[in-house]
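Q: After the structure tokens below, expect a handful of questions from me.
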Amino acid sequence: MSRYVFTSESVTEGHPDKICDQVSDAVLDACLSEDPTSRVACEAVVNTGLCLITGEITSKAEVDFNKLVREVIKNIGYRSASDGGFDANSCAVLVALDQQSSDIAQGVNEAEDHSTDPLDQVGAGDQGIMFGFACDETPELMPLPISLAHRLARRLALVRHQQLIDYLLPDGKTQVSVSYENGVPCSIDTILISTQHKSEVDGITLEEEIQKRIAKDLWKFVVEPATEDLPLKPAKGSTRFLVNPTGKFVIGGPQGDAGLTGRKIIVDTYGGYARHGGGAFSGKDPTKVDRSAAYAARFVAKALVAANLAKKVEVQLSYAIGVAKPISILVDSFGTGKVSDSELTQLVQDQFDLRPGAIIKAFDLQNLPSIRGGRFYRDTAAYGHFGRTDILLPWEDVSQKAKELSLLK
């Protein structure tokens with residue numbers, strides 16, 4: 001019998017790196033809402049009292065970047081110096097944006113395929129490799145460790161916003177270790193929550209007593225509600241529960257650590273359970289295959305698992321800048337496939353159009369911000385881009401495609 005423990009982590013929206021992801025995607029939403037053809041590559045940096053946005057944007061949209069950045073930071077919860085040491089109203093906002101390079105633009109605007117098909121004329125915005133993954137460990141076909149870590153992080157933010165625990169501050173991290181037997185989750189080994197908090201908790205000032213109170217409240221208001229509908233639940237007697245292992249977490253957010261866009265790519269995807277091509281998502285418009293092709297790869301993998309063609313699937317795609325069709329497609333079912341991996345790969349090549357233009361069209365990636373009232377990508381920037389049950393994501397809806405694949409068996 002094979003036994004092992006696998007661990008994944010998540011972070012809350014108030015984590016410095018996640019602030020940056022949300023700022024970058026808020027800029028993307030604003031540009032695409034007014035001009036769906038906008039080319040955006042927006043990076044953000046936060047530090048004590050500072051938010052810088054930089055990168056390349058070519059767009060007809062008129063955006064008040066200063067106002068937008070402050071609104072994002074304020075909505076996260078950094079409304080004053082007492083809300084974690086970072087203040088949306090008084091922090092400096094610096095904007096240093098250029099236009100997209102004409103050399104890159106020509107490859108995206110007119111692919112090298114010399115085809116009359118409009119979808120062949122949208123080239124990949126860069127070279128690169130992307131991975132998509134799905135497995136049958138959860139209803140949303142995600143690995144259990146990252147699914148649980150996101151549940152806890154979302155719940156941690158919710159109880160803060162709703163003041164169910166009134167001493168919590170925006171920065172926080174979760175980590176979940178799951179025990180497996182023969183590749184199947186069998187128990188939750190460890191839950192770790194690090195959460196920023198006020199220096200005084202309901203009149204308690206002794207550090208040891210504060211941490212005991214926080215641990216008690218987090219189990220009651222975060223862990224139990226976040227896992228109540230799961231068949232595999234943490235057990236108070238056997239699941240190790242760690243809270244703020246350093247002893248306290250008062251200094252946090254950008255005051256405690258600098259943040260950068262794109263530094264939580266494993267949190268954004270599969271929690272380390274599957275491979276990653278290295279490209280971040282946030283702040284990138286859909287012509288960047290780092291983002292759009294990773295979404296498509298997830299769609300392919302999830303459809304294959306939903307169609308019961310395999311219990312676990314990883315899909316690799318690769319692209320060349322300025323070329324529409326993928327350079328390569330590879331499917332790995334880890335020995336769980338109903339047919340061989342080569343047959344699954346051929347099936348993907350035959351049944352999925354993975355040109356950037358086709359992906360953008362199928363998921364309506366350029367129009368989603370305006371369709372959703374000016375905000376879409378920003379909502380993907382915290383708590384993962386895959387397996388979401390709280391927001392509607394087109395690459396997660398595989399029901400129709402899974403039916404079509406089932407008929408091909």
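These residue numbers are counts, starting from 1, taken along the chain as shown.
Every residue, even glycine, has its Cβ placed from backbone N, Cα and C.
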Q: Starting from the L-methionine binding annotation in Swiss-Prot that includes E56, D257, K288, which of Q22, Q100, Q316 is the extra site residue?
A: Q100
Q: Could you check which of the binding-site residues (G172, K248, K264, K284) sits closest to E56 (L-methionine binding site), going Cα to Cα?
A: K284
Q: List, in sequence order, those binding-site residues among Q100, G172, K264 whose Cα sits within 10 Å of the Cα of D17 (Mg(2+) binding site).
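A: Cα within 10 Å of D17 (Mg(2+) binding site): K264.
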Q: Restricting to the region 'Flexible loop' (100-110), report the mean pLDDT as a whole number.
A: 58
Q: What does DSSP assign D17 (Mg(2+) binding site), in three states?
A: helix
Q: Looking only at Cβ atoms, how many others are within 10 Å of the one on K248 (ATP binding site)?
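A: 14, counting other Cβ atoms within 10 Å of K248 (ATP binding site).
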